[in-house]
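Remarks on the structure that follows.
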Amino acid sequence: MEVTGTPSSYSNRNCTIENFKKEFYPIIYLIIFFWGALGNGFSIYVFLQTCKKSTSVNVFMLNLATSDFLFISTLPFRADYYFRGSNWIFGDLACRVMSYSLYVNMYTSIYFLTVLSVVRFLATVHPFRMFHVTSVRSAWILCGIIWVFIMASSALLLVNGQEEKDNIISCLELSPQKFKSLLIMNHIAVAVGFLLPFLTLTVCYLLIIRILLKAEIPESGPRAAHRKALTTIVIAMITFLLCFLPYHALRTLHLVTWDKDSCGDVLHKATVITLTMAAANSCFNPFLYYFAGENFKARLRAIFSKVHL
């Protein structure tokens, strides 16, 4: 069940949202699928090539890329559903997995980006005091906790399966009967899944800026590490502002103002667009790996040099 879903009662009125979704979703999802699969698939390959020299940063990035790749694999099914005019043909179990995979990816991405930024900040500012926190072992444990927490928190989405009416099987649609529970889930998700991580990122950003503006630090060594930490945090914040903030804001507004007897086409279409923006974060994360990864560029060059030999 998703807030961009369309209640069945809409089909009885002159609402244009269904046509919009049929035209918009398939092409955008397939574009995200192509670039996301290419970028994250190759990134995973690079990370696995360097597993013997892994760092905590690489561990977080590998988990982030894995989360993105798993989600991206569901996008062709979503594209097919909307291309058929919101008619699901892949069975009840696959339907339940669709919404579940979307929100598991969204919030694991948010938490991996946040923890990655915090760990990089701590490793830069307090490298020896926080060594146990920034170790590879601690990174794997923390990633495991994030996976379990997000997957367990999203488990309620597995309750909602496909529904058949007039020989049309719907999936990913908003159910008026479960609207109140969905509204409560949204408020909790916004607070814990978005606002808390975003505030954490903002604090890290302000602190690292403050450190960089302090007494002069040599260009090599500490200052270079500070800049890499700042790059990580800035890319994470850009992802939050472009991908996650619009969706959470419009999703909440859409739910708060939702009326089952009204089309609400303009707001509904805007929410549809922001959902694809949230999904597109999977395409942007490879830029984080390239510009802020631990020796990612060097390892990338090593792979290409082997290919040319």
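Think of each number as a place in line: the chain as shown, counted from 1.
Backbone N, Cα and C atoms are what each Cβ position is placed from, and that goes for glycine too.
Quantities reported herein were computed from a predicted structural model and do not represent experimental measurements.
A simple way to gauge crowding: the CB of Cys95 (disulfide bond) has 23 other CB atoms within 10 angstroms, across all the protein chains here. If you look up Swiss-Prot, you'll see Cys95-Cys171 marked as disulfide bond, on the strength of sequence analysis.
Positions annotated as N-linked glycosylation site by Swiss-Prot: Asn14.
According to Swiss-Prot, the topological domain 'Extracellular' annotation covers 1-26 (among others).
Residues or ranges marked as topological domain 'Cytoplasmic' by Swiss-Prot: 48-56 (among others). Mean pLDDT for the topological domain 'Cytoplasmic' (48-56) in this predicted model: 73.
Annotation source Swiss-Prot lists topological domain 'Extracellular' at 78-98 (among others), citing sequence analysis. Residues of the same chain lying 6 or more positions beyond the ends of the topological domain 'Extracellular' (78-98) and with a Cβ under 8 Å from any Cβ of it are 6, 18, 21-22, 25-27, 29-30, 33, 157-162, 168-173.
Residues or ranges marked as topological domain 'Cytoplasmic' in Swiss-Prot: 120-138 (among others).
Across the topological domain 'Extracellular' (160-187), the DSSP tally of helix, strand and coil residues reads 12 helix, 6 strand, 10 coil. Under the heading topological domain 'Extracellular', Swiss-Prot lists 160-187 (among others), citing sequence analysis as support.
The annotation topological domain 'Cytoplasmic' is assigned in Swiss-Prot to 209-229 (among others).
The topological domain 'Extracellular' annotation in Swiss-Prot covers 251-271 (among others) and rests on sequence analysis.
Residue counts for the topological domain 'Cytoplasmic' (293-309) under DSSP, helix first, then strand, then coil, are 13 helix, 0 strand, 4 coil. Annotated topological domain 'Cytoplasmic' per Swiss-Prot: 293-309 (among others), in sequence order.
Sequence annotations record features per position, and here Swiss-Prot assigns transmembrane segment to 27-47 (among others).
Feature annotation from Swiss-Prot assigns transmembrane segment to 57-77 (among others); the stated evidence is sequence analysis. Among residues of the same chain six or more beyond the transmembrane segment (57-77), those with a C-beta under 8 A of the stretch's C-beta atoms are 29-30, 32-33, 36-37, 40-41, 43-44, 47-48, 50, 90, 94, 97-98, 101-102, 104-105, 108-109, 112-113, 115-116, 119-120, 136, 139-140, 143, 146-147, 279, 281-282, 285-286, 288-289, 293-294.
The transmembrane segment annotation in Swiss-Prot covers 99-119 (among others).
Residues annotated as transmembrane segment in Swiss-Prot, with sequence analysis given as evidence: 139-159 (among others). Sequence-distant contacts of the transmembrane segment (139-159) (same chain, at least 6 residues past either end, Cβ-Cβ under 8 Å): 1, 56, 59-60, 63, 96-97, 99-100, 103-104, 107-108, 111-112, 115, 119, 185.
Marked as transmembrane segment by Swiss-Prot on the basis of sequence analysis: 188-208 (among others).
Per Swiss-Prot, transmembrane segment is recorded for 230-250 (among others), and the stated evidence type is sequence analysis.
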Determine which residues of the chain contact the transmembrane segment (188-208) at the Cβ level, with the cut-off under 8 Å and only residues 6 or more beyond its ends counted. 103, 106-107, 110-111, 113-114, 117-118, 121, 124-125, 226, 229-230, 233-234, 236-237, 240, 244-245, 248, 252
Return the stretch with the most CB pairs under 8 A relative to the transmembrane segment (272-292), choosing among 27-47, 99-119, 230-250. 230-250
Counts of helix, strand and coil residues, the topological domain 'Extracellular' (78-98), according to DSSP: 13 helix, 0 strand, 8 coil
Lying 6 or more residues past either end of the topological domain 'Cytoplasmic' (293-309) yet within Cβ distance under 8 Å of it, the residues of that chain are 45-46, 49-50, 55, 57-58, 61
My understanding is the cutoff is Cβ-Cβ under 8 Å with a sequence separation of 6 or more in the same chain; which residues meet that for Cys171 (disulfide bond)? Tyr81, Ser86, Trp88, Cys95, Met98, Gly161, Gln162, Glu163
